[in-house]
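One structure is given below, encoded as structure tokens.
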Amino acid sequence: MIKTYDSNEYDVIVVGAGHAGCEAALASAHMGQKTLLVTIGLDMVAFMPCNPSVGGPAKGTVVREIDALGGQMGKNIDATYIQMRMLNTGKGPAVRALRAQADKWQYHEHMKDTIENTPNLTLRQAIVDQLVVEDGVCKGVITNTGAKYHAKSVVLTTGTAARGKIIIGELTYSSGPNNTTPSIKLSENLEKLGFKLRRFKTGTPPRVNGNTIDYSKTEEEPGDKTPRHFSYESKDVDYLKNQISCWMTYTNNGTHEIIRENLNRAPMFSGIIKGVGPRYCPSIEDKVVRFADKDRHQIFLEPEGRTTKEVYVGDFSTSMPEEIQLKMVHSVAGLEHAEMMRPGYAIEYDVVEPWQLKHTLETKNIKHLFTAGQMNGTSGYEEAAGQGLIAGINAALSAQDKPGFTLGRNDAYIGVLIDDLVTKGTNEPYRLLTSRAEYRLILRHDNADLRLTEYGHELGLISDERYEKFEEKKQAIRDAKERLHEITVHLSDDVQEFLKSIGQEPMKAGVKADVFLRRPNVKIADIERLTGEKIPGDRYVKEQVEIGIKYAGYIKKEETRIARLKRQEAKKIPADIDYEMIEGLATEARQKFEKIRPETLAQAERISGVNPADLAILSVYIQNGRYSKVKKYEAEDLKPSSYFAEKYGLEADAETGASQY
């Protein structure tokens with residue numbers, strides 16, 4: 001038994017320094033709270049044990065949202081990327097996504113340096129084995145060396161280290177990601193505290209030596225020449241010119257045959273793996289089985305940095321035995337002679353069932369305890385970082401006895417992510433997709449600052465200087481819109497010829513420039529050229545104006561739906577409501593309400609298995625005063641009449657049966 005001793009006191013303690021933990025700790029420190037960030041290994045701060053990239057569909061928007069709120073991930077990747085690309089440029093603005101290839105070592109070093117130089121923030125290497133909980137309130141942590149750190153709030157971001165187990169074929173051993181020390185006792189402690197945990201699984205592909213790849217047999221995927229950034233504070237002049245390409249190749253029938261012949265040795269199919277894996281990031285053996293009609297699968301060869309020869313074999317995740325992995329790799333065009341530097345592996349780990357959380361990411365059964373990241377059942381660095389930021393903000397607010405901060409589904413993809421977790425839970429590693437957002441035309445990559453910077457400034461995460469620039473941008477957008485409304489695009493041969501060149505019908509009369517801009521494929525630059533007028537604002541301002549005008553009708557429809565959502569969100573459900581008292585609820589709805597404890601009628605509406613009739617009954621019960629009547633009887637120890645008891649399921653007065661309300 002290790003003897004404990006009282007160490008330092010903090011306002012907030014963050015356990016785990018992955019992408020969630022870094023954002024949580026930085027947010028807390030920037031909000032003026034004395035913060036301790038504890039990690040199993042200092043060499044794993046903001047480490048990328050899987051794909052060396054940031055962004056992509058939905059995920060890239062999350063990174064922009066983190067930056068708009070005052071988080072660090074966007075700045076960190078802008079300082080350490082080796083390639084930047086905008087995806088889905090041929091599609092509408094709702095699904096465009098920025099993706100950066102990271103130098104994973106520089107990313108880690110830059111984030112660690114940021115943390116080490118942030119006031120109010122202490123970084124320490126230790127393994128947390130136990131929480132200090134008194135009267136249902138978390139008051140600190142105890143490490144494996146016996147140090148007891150006291151705090152007003154605690155954030156857990158254990159990632160895949162929580163009782164982690166690595167699996168490579170028949171080989172299994174206790175480990176965190178990338179062969180790091182796992183966290184065992186903390187999971188056991190959480191179970192003793194009453195938390196429901198479950199096992200998830202994720203995996204990573206082999207890494208090969210870039211010097212042994214025959215790139216002539218692959219297709220080059222270069223970065224964008226047009227400057228792109230995740231952070232709104234990054235400048236075009238700093239955009240990286242000397243980018244490193246990724247490369248694309250494919251599996252083939254030979255690859256698939258090797259996999260099929262060895263499925264009996266695949267842990268996924270042999271029964272060794274018990275945890276549930278990610279549906280949207282399956283292993284290559286899973287893809288070969290599930291999509292047997294496909295004769296090839298895409299593979300991306302992604303450099304892991306400027307100073308390493310390691311290349312990540314993307315979309316080739318596997319837990320096959322090492323000897324089989326070698327055969328699989330060598331069957332792929334361009335990789336016939338590739339040297340494998342690290343084998344792929346699967347890792348099983350513990351997650352907290354996320355329905356045990358509030359939207360602030362505070363746990364429901366222990367106050368001042370927050371969880372974030374893969375620990376909550378998500379997959380991906382970006383989802384983790386977004387949760388970490390919200391958990392860190394709320395831990396800091398909780399430490400000051402201030403009300404919590406939440407984002408709605410209409411505010412941000414981060415809000416969609418957290419609401420899905422808290423309201424629906426998840427039976428598999430959760431990945432954020434654009435299709436999960438009902439209001440994705442409003443939750444765009446380009447307007448995250450317009451949606452969230454106000455919040456970041458109010459929370460103290462956005463400086464006054466940055467906020468002033470944000471206000472200037474908003475004014476520039478207004479000025480550009482006004483100028484477009486003032487300018488007239490007159491009938492002319494140049495205008496008609498231009499319309500013909502883009503496949504548009506000719507004009508019959510002159511129109512205002514903002515009306516002309518509504519036509520497909522018309523840009524503000526075209527209006528400036530055709531009219532000789534200058535529209536104020538930089539390219540980011542003009543992008544906002546173009547999207548706002550072109551999609552005005554669709555945006556208005558989404559805003560109407562959001563207004564209805566807000567009305568439902570305003571209808572709060574009392575925290576101590578007893579669903580057994582509500583007559584007429586379906587059994588499934590009653591059980592779901594009791595398990596999830598929705599905070600508003602809007603959240604109740606989103607719970608799977610709940611039908612409109614159940615919602616109507618719940619709404620009437622709350623709004624017609626029946627809830628308050630029930631609470632009155634409880635408070636005054638009154639017994640209702642037998643009629644009232646029969647109708648609303650209360651205990652009647654046995655002596656008189658008289659009405660007492």
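Just so you know, glycine gets a Cβ as well, placed from its N, Cα and C.
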Which one of Ser183, Ser187, Ser317, Ser319 goes with Gly16, Ala17, Gly18, His19, Ala20, Gly21, Val128, Gln374 at the FAD site, as Swiss-Prot has it? Ser183
Determine, to the nearest whole angstrom, how far the Cα atom of Val289 (NAD(+) binding site) is from the Cα atom of Ala20 (FAD binding site). 34
Return the residue, from the listed binding-site residues Ala20, Val128, with the maximum count of other C-beta atoms within 10 angstroms of its C-beta. Ala20
Measure between the Cα atoms of every pair in Gly16, Ala17, Gly18, His19, Ala20, Gly21, Val128, Ser183, Gln374, the residues the record assigns to FAD, and report the largest value in Å, rounded to a whole number. 18
Rounded to the nearest Å, what's the C-alpha distance separating Gln374 (FAD binding site) and Gly277 (NAD(+) binding site)? Just drop the number here, would you? 13
In the compositional bias 'Basic and acidic residues' (216-230), how many residues does DSSP call helix, how many strand, and how many coil? 2 helix, 3 strand, 10 coil
Rounded to the nearest Å, what's the C-alpha distance separating Ser283 (NAD(+) binding site) and Val128 (FAD binding site)? Just drop the number here, would you? 32
Just give me the nearest neighbour of Val128 (FAD binding site) among the binding-site residues Gly277, Cys281, Glu285, Lys287, Phe291, Cα to Cα. Gly277
Look at the binding-site residues Gly16, Gly18 and tell me which residue has the greatest number of other C-beta atoms within 10 angstroms of its C-beta. Gly16
Would you find the one among the binding-site residues Arg279, Lys287 whose Cβ has the most company, meaning other Cβ atoms within 10 Å? Lys287
